[in-house]
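A short worksheet on the structure shown next.
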C-alpha cells in the first residue's frame, strides 16, 4: 500500500512512550478517519507513572479522538477482518504485543487486530520502545517485518537539534505518521547540512 490511508486504528500498549501516541492522535485528527483506539491496562499504568494521567482521564482523552476499546474486548469491530481500517499503528508497542503478533497469537485485541490487518495486506506500523534488545525481541521484530509490517523504533534523533522533550516526541510521532503514509509536518526533516538552523 503506497497511497495515503483514509482510515487508521491505533493501539496504545504498555511500554514507555505513551506521550508519542497522544501526539500521533493529535496529528491524525482531521487528517484521516480514526476508526478506533485500543488501550491496554499496561498503557494506563505507564500513563499514570510517566504523564500523571489517571486511567479514567486517559480513557476520556482517547475517546475524544475515536471509539475506545480495551485490550480484552474481542467483540470490538477491530477484532474482525471484515471491519479493518486501511492502516494500523501500535504506539508504543510492548514486547508482549510484538511477541504475540510475531507468533500469530491473537490472544489480545491489539494482536488480533494487527494480525487481521496483515492478513488483508494492509499497512501495520509497530513502534517499540525497548532497550537493550535481545535475540528474542529482534527475531520477533524481524518476523513482523517479514509478515509485511513496518517496525519504527521510538529512538532519539539529534540532527533535528531538539531543544525540548517535545521536539523528540514530535520526531517519533512524525516517523510513525510517515510509515502510515499520512504526511503531516510535525518534525524537522533532513535537508542536508547546509540548511543550518
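The chain as shown is numbered from 1 upward.
Just so it is clear, glycine is given a Cβ too, placed from its N, Cα and C backbone atoms.
Marked as FMN binding site by Swiss-Prot: 14, 15, 16, 40, 94, 95, 96, 97, 129. The number of other Cβ atoms within 10 Å of the Cβ belonging to residue 16 (FMN binding site), over all protein chains shown, comes to 15.
Around the Cβ of residue 175 (dimethylallyl phosphate binding site), 21 further Cβ atoms fall within 10 Å across all displayed protein chains. Mapped onto three states, the DSSP output places residue 175 (dimethylallyl phosphate binding site) in helix. Annotation source Swiss-Prot lists dimethylallyl phosphate binding site at 159, 175.
Summarising the environment of residue 159 (dimethylallyl phosphate binding site), the number of other Cβ atoms within 10 Å of its Cβ, over all protein chains shown, is 10. The local packing around residue 94 (FMN binding site), expressed as other Cβ atoms within 10 Å of its Cβ over all shown chains, amounts to 24. The FMN site is defined by 14, 15, 16, 40, 94, 95, 96, 97, 129, and by the 8 Å test on Cβ atoms against their centroid, the other residues of the chain that qualify are 13, 42, 43, 46, 92, 93, 98, 128, 130.
The Cβ of residue 14 (FMN binding site) lies under 8 Å from the Cβ of 40, 41, 42, 43, 45, 46, 94, 96, each on the same chain and at least six residues away in sequence.
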